[in-house]
């Protein structure tokens, strides 16, 4: 068994595998099937080329996001969004840039805003992303994703662009990109979460000024983000479980807290001291095996909630 430290190991060594899996799952959401082997081909067959374009585009974006994680920079920008769209449709006769006409989405609860407001809306949500510092990264990625999908800025491929951006936000903040393996669960989670985004986009489209904190509060108030949050963490833990069977990686309390969705590292220390999370201490610092983090998350999904962490959050316990 090989032992290594830190989430950055996962980002570096597991990225190719995860991005291939993500590509297959992301296209299956749109009922387009490609195989892992086909992603390595050179072809102009439209079905396969869409998969190749997604894989190559996503991988390059996540490599940029990984570097941004190391340098504490921000990778998501309007220029990146336009670049992703253009590269997803490389080799196809698809218009560049934002859509130039109104759009109707079959089965949606909303109508995307008129094309003339799209550029300003995209700049607004990018600025929101850069200025929002009060919520955890998974919730942040969900809010951005729902806002982007409601804006629906492009003639086609909005779901693909949006999922790459969601994952770029996760990777930029030290987490892994996720593959949504169940189409129905993804669509259901998106529908539950998007209610607040619909309210925000409608207000912004009418010229209303909304500050960044109000955007967050509105999306959280009207939309149910919890289902989407749990789906992302479940998919991430699925991937981590596969990886932990190959290689043993130790995480810091901060990294473990981020993966588990806990408020801060003190919650992790409480779980360690109470024997709920196995860890080792070296040179005065706790190191938690990735496999233990996965195990605890699985217990949580089965209904064995993190009662100690919740009690700490309510002020009933103090960290050791």
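From the backbone N, Cα and C atoms, a Cβ is placed for every residue, glycine too.
In Swiss-Prot this protein carries:
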- 100, 101, 157, 158, 159, 163: ATP binding site (BINDING)
- 76-206: domain 'Fido' (DOMAIN)
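Sequence-distant neighbours of residue 100 (ATP binding site) (same chain, 6+ residues apart, CB-CB distance under 8 A): 115, 155. Residues within less than 8 Å, Cβ to Cβ, of residue 157 (ATP binding site) and separated from it by at least 6 positions along the same chain comprise 85, 88, 89, 94. According to DSSP, residue 163 (ATP binding site) is assigned to a helical segment. Close to residue 159 (ATP binding site) in the fold, though at least 6 residues off in sequence, lie 26, 29, 30, 149, each with a CB less than 8 Å from its CB. Looking at 101, 158, 163, the binding-site residues in this record, the fewest other C-beta atoms within 10 angstroms of the C-beta turn up around 101. Each residue of the domain 'Fido' (76-206) gets a DSSP state, and the totals for helix, strand and coil are 81 helix, 0 strand, 50 coil.
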